[in-house]
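Working notes for the structure below.
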Amino acid sequence: MVLILGRRLNREDLGVRDSPATKRKVFEMDPKSLTGHEYFDFSSGSSHAENILQIFNEFRDSRLFTDVIICVEGKEFPCHRAVLSACSSYFRAMFCNDHRESREMLVEINGILAEAMECFLQYVYTGKVKITTENVQYLFETSSLFQISVLRDACAKFLEEQLDPCNCLGIQRFADTHSLKTLFTKCKTFALQTFEDVSQHEEFLELDKDELIDYICSDELVIGKEEMVFEAVMRWVYRAVDLRRPLLHELLTHVRLPLLHPNYFVQTVEVDQLIQNSPECYQLLHEARRYHILGNEMMSPRTRPRRSTGYSEVIVVVGGCERVGGFNLPYTECYDPVTGEWKSLAKLPEFTKSEYAVCALRNDILVSGGRINSRDVWIYNSQLNIWIRVASLNKGRWRHKMAVLLGKVYVVGGYDGQNRLSSVECYDSFSNRWTEVAPLKEAVSSPAVTSCIGKLFVIGGGPDDNTCSDKVQSYDPETNSWLLRAAIPIAKRCITAVSLNNLIYVAGGLTKAVYCYDPVEDYWMHVQNTFSRQENCGMSVCNGKIYILGGRRENGEATDTILCYDPATSIITGVAAMPRPVSYHGCVTIHRYNEKCFKL
């Protein structure tokens, strides 16, 4: 091994000879005699690069070794092509290819500010730059132009830290323009969570229509009450009333007018001159009035509460049993499909009964009848979380169904232990009375019953022990009469129906099929299949989707599955499991206040 030394030795020293190549003195050494490493990796660290950059920056200030002048807005910046090219792929492409700029001493760049170029060069030559609220926008745009991603990201991060109700909408628009998805999302989330404050600032009034709708239609909008949304929309419209008046109806379709307090609705909304002079808004006002009278019977996207108000739509499962001949369950439990949480409510009274009927009236729940020949009717007060006995049925029954139509409860058909019943009773909650109305054309038990387009529909059922019906019987409360409509494609009993968006959906009956009926056009269609056959399942509409809960399988055992069908996509998915298998239970949707409501 040869070890090169950096000093001269006396020729007389033992073992020294002249190097023929360099005339320097070297030692002849045996590698075996070395006890340490054969080499030493030395690094001065990042300070070396910093020192070089510092010197280059001094060269730039002194115009020493500069080989290009960048001209921006008439101001000249002497620079080094090598430094610019090393830092920016934009300049590397400009100077390293056969472009005209690679040969010219003076290169003019348009579209940026001279001040921005000064900040940019400060970063290029020092690795440091001061980002402020005054320069962040043009510094971001300059770093984007010159493809300096590190500086660009630093500017975006700085903007995130500056979010405030007075500027978040402007920053969001900036992020959208420059495809900054992370910053855009954070701005939108911030604006949703501080909407009450955001809507008071000038930026809010300068939103375009689509941007405004994007906020007011969101379920994630954080507000104390829906009145805040209405007032924000009206402020926006009145800001440029002549231009924005034609947009009022479209905007109000995204305000949940039915959820406004009735007093506020009457004293503020209905008397607003702009609304009064907009006939196209009358239908929205009518919908709100109907909801104030009918409650949850009247469902639309505008009747779904925003979660930030503390209220949410929940599915309430009432009673049921685990298997045929099994123990009747006393439980009343609510399920929130958004959070997946189950909560216990007051237990069902006199739970020894089975095969009763359940429906929701406004925001309360009714349970009627039950095996054997019970006339009892109970109502669950959702505000007090208690069950209250109300007026009894005129005729005891079980295997019947209930539905609400125009604010009144209808008990339909059923079985009295000997015969299928055609009798129909109507309950007025204000007078607490049951009255007989026109009977069914065909007596059935275990049909599917729901209301839609102002009429009551009784679908299928069992006219006797051995047969199933495919008839669809429609009741008109104005004429107190029944008509037969288009038959369901398959005759079934123990089926369940719900209505959504003026369509009726039917499932159960030990079939996988989910059918949809259009009562206006009077025709049926098969829309989807469930994953297994079941009957006597629960079915309810919640958050604009249809949920199928539990039911009894072909072997007689109950199931704990929950399926969710989305009519918008026609996709059915398995969601979760119920606390226990159950069938012959009631399922309804109500609004419930959450103890753990959303807070910032």
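Think of each number as a place in line: the chain as shown, counted from 1.
Placement of Cβ uses the backbone N, Cα and C atoms for every residue, glycine included.
Mapped onto DSSP classes, the domain 'BTB' (66-133) shows 31 helix, 13 strand, 24 coil. According to Swiss-Prot, the domain 'BTB' annotation covers 66-133.
Residues or ranges marked as domain 'BACK' in Swiss-Prot: 168-270.
The average pLDDT the prediction assigns to the repeat 'Kelch 1' (314-363) is 88. Among the features that Swiss-Prot reports, repeat 'Kelch 1' is placed at 314-363.
Annotation comment: Swiss-Prot describes 365-407 as repeat 'Kelch 2'. Residues 293-294, 297, 316, 318-319, 332, 345-346, 348-350, 353-359, 413-417, 421, 423, 425, 427, 429, 432-434, 436, 445-451, 454-456, 458, 475, 477, 586, 588, 590-592 of the same chain lie 6 or more positions beyond the ends of the repeat 'Kelch 2' (365-407) yet place their CB under 8 Å from a CB of it.
Under the heading repeat 'Kelch 3', Swiss-Prot lists 408-454.
With helix defined as DSSP H, G or I and strand as E or B, the repeat 'Kelch 4' (456-502) counts 0 helix, 21 strand, 26 coil. According to Swiss-Prot, the repeat 'Kelch 4' annotation covers 456-502.
The repeat 'Kelch 5' annotation in Swiss-Prot covers 504-544. Proximity of distant same-chain residues to the repeat 'Kelch 5' (504-544), defined by a Cβ-Cβ separation under 8 Å and at least 6 residues beyond the stretch ends, is recorded for 299, 301, 304, 313-315, 317, 320, 337-338, 446, 448, 450, 452-453, 455, 457, 459-460, 468, 472, 474, 485-490, 492-498, 550-554, 559, 561, 563, 565, 567-568, 570-572, 574, 582-589.
As annotated by Swiss-Prot, repeat 'Kelch 6' applies to 546-592.
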**Request:** Establish whether the number of Cβ pairs under 8 Å between the repeat 'Kelch 6' (546-592) and the repeat 'Kelch 3' (408-454) reaches at least three, counting only pairs separated by 6 or more residues.
**Result:** no
